[in-house]
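Take a look at the structure below.
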Amino acid sequence: MVFRIASSPYTHNQRQTSRIMLLVLIAALPGIAAQTWFFGWGTLFQIVLAAITALVAEAIVLRLRKQSVASHLQDYSALLTGLLLAVSIPPLAPWWMVVLGTGFAIIIAKQLYGGLGQNPFNPAMIGYVVLLISFPVQMTSWLPPYEIAATTPDILDTLRMIFSGHTASGGDMTLLRIGIDGISQATPLDTFKTSLRAGHSVEQIMQYPIYSGALAGVGWQWVNLAWLVGGVFLLWQKAIRWHIPVSFLLTLALCAALGWLFSPATLASPQLHLLSGATMLGAFFILTDPVTASTTNRGRLIFGALAGVLVWLIRSFGGYPDGVAFAVLLANITVPLIDYYTRPRVYGHRKG
């Protein structure tokens, strides 16, 4: 009798993987719709560009590795990576940026490590950080939500901006970022950080148009609530577990509340942290990546809490206004250590 010995993983269920990935793609629809509503058609165009790039890059690498292209593409993981990167970048970012970032995410951050299940870092966030460090101006050039925008590009001008950098009338990103008050706009978190550095008080900052009549910034609170709806859907479908998003959001809220309590003149409120930036997207769609997150329940709680602390620290004291991507990657580094100390011991073995 011949015994065949194979390396791990010892169980394979591609159908289950593709089902979970498909559920995540479906759950992303409310967030995509909200971002498109408030920031224009560019969100959809970036998603299409990222999806095409992800599929092509994955297919090329699989062909070079002499693996089945069709079966691997049907797990939807490449599409999800492209989607997460596309919704994280400004909707009018140049086309080559999303292509570069997605290609880097798939080829370097995923396939170079061996493909799905082998990568230690979240590929989409690796691609995002590479773009943010390399092209900080373009990666922070978000349009103001349509409610406070002085100029809103139509679908054709959106395409022109992405592929040429100008509208039909010759307008550029500088013009499109002008708000109704005649001042160039930024995201709520970016506005808060840069205004504090300029010596403005929190009370003055909250009078800016980007915060008018909103808990956490015009448009952004609804975008985050839309991603929250998608996250609840994933929990309902048991596609993700509650431990990471709950511990992440509770820790972020606790840190923000304590900071705001002791220094309300210099630190953002809990609602600004929870409902601005990529908070809900990170909580339910990025941190919960089963490949790069902790694999035990206690470990997931620690992993989520660590990410929450890191997001608050980066937003409050770091050089970047959001910090979700950096927090995710830093938390990914700790996963082997977290799993080592939280994995249940084998029955019959003493603690060593």
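Here the Cβ of each residue, glycine as well, is placed from N, Cα and C on the backbone.
Among the features that Swiss-Prot reports, transmembrane segment is placed at 20-40 (among others).
Swiss-Prot lists 42-62 (among others) with the feature transmembrane segment, giving sequence analysis as the kind of evidence.
The feature transmembrane segment is assigned by Swiss-Prot to 69-91 (among others), with sequence analysis given as support.
For the transmembrane segment (123-143), the list of distant contacts is 39-40, 42, 80-82, 84-85, 88-94, 97, 100-102, 104-106, 108-110, 149, 173, 176-177, 185-187, 190, 286, 320-321, 325-326, 328-329: same-chain residues at least six beyond its ends, Cβ to Cβ under 8 Å. The transmembrane segment annotation in Swiss-Prot covers 123-143 (among others) and rests on sequence analysis.
The annotation FMN phosphoryl threonine is assigned in Swiss-Prot to Thr187. Neighbour list (Thr187 (FMN phosphoryl threonine), Cβ cut-off 8 Å, at least 6 residues apart, same chain): Thr140, Trp142, Ile210, Gly217, Trp220, Ser276, Gly277, Pro321, Asp322.
According to Swiss-Prot, the transmembrane segment annotation covers 215-235 (among others), on the basis of sequence analysis. For the transmembrane segment (215-235), same-chain residues at least 6 beyond its ends with a Cβ under 8 Å from one of its own Cβ atoms are 23-24, 26-31, 33-35, 38-39, 144-148, 187-189, 191, 209, 241-242, 245, 271-272, 274-277, 279-281, 283-285, 288.
According to Swiss-Prot, the feature transmembrane segment maps to 242-262 (among others), an assignment based on sequence analysis.
Among the features that Swiss-Prot reports, transmembrane segment is placed at 267-287 (among others), with the record citing sequence analysis. Outside the transmembrane segment (267-287), and at least 6 residues removed from its termini, the chain residues within Cβ reach (under 8 Å) are 24, 27-28, 31, 84, 87-88, 122, 124-125, 187-189, 192, 215-217, 220-221, 224-225, 227-228, 230-231, 234-235, 240, 244-245, 248-249, 252-253, 256-257, 259-260, 293, 303-304, 307, 311-312, 315-316, 321-322, 324-325, 327-328, 331.
Here Swiss-Prot flags 301-321 (among others) as transmembrane segment, drawing on sequence analysis. Long-range contacts of the transmembrane segment (301-321) within the same chain, counting only residues at least 6 positions beyond its ends with a Cβ under 8 Å from a Cβ of the stretch, are 132, 140, 186-187, 189-190, 192-194, 243-252, 254-256, 259, 267-268, 273, 277, 279, 282-283, 287, 293-294, 327-328, 330-331, 334-335, 338, 342.
For 322-342 (among others), the entry in Swiss-Prot reads transmembrane segment, with the evidence type sequence analysis.
In the three-state DSSP reading, Thr187 (FMN phosphoryl threonine) counts as coil.
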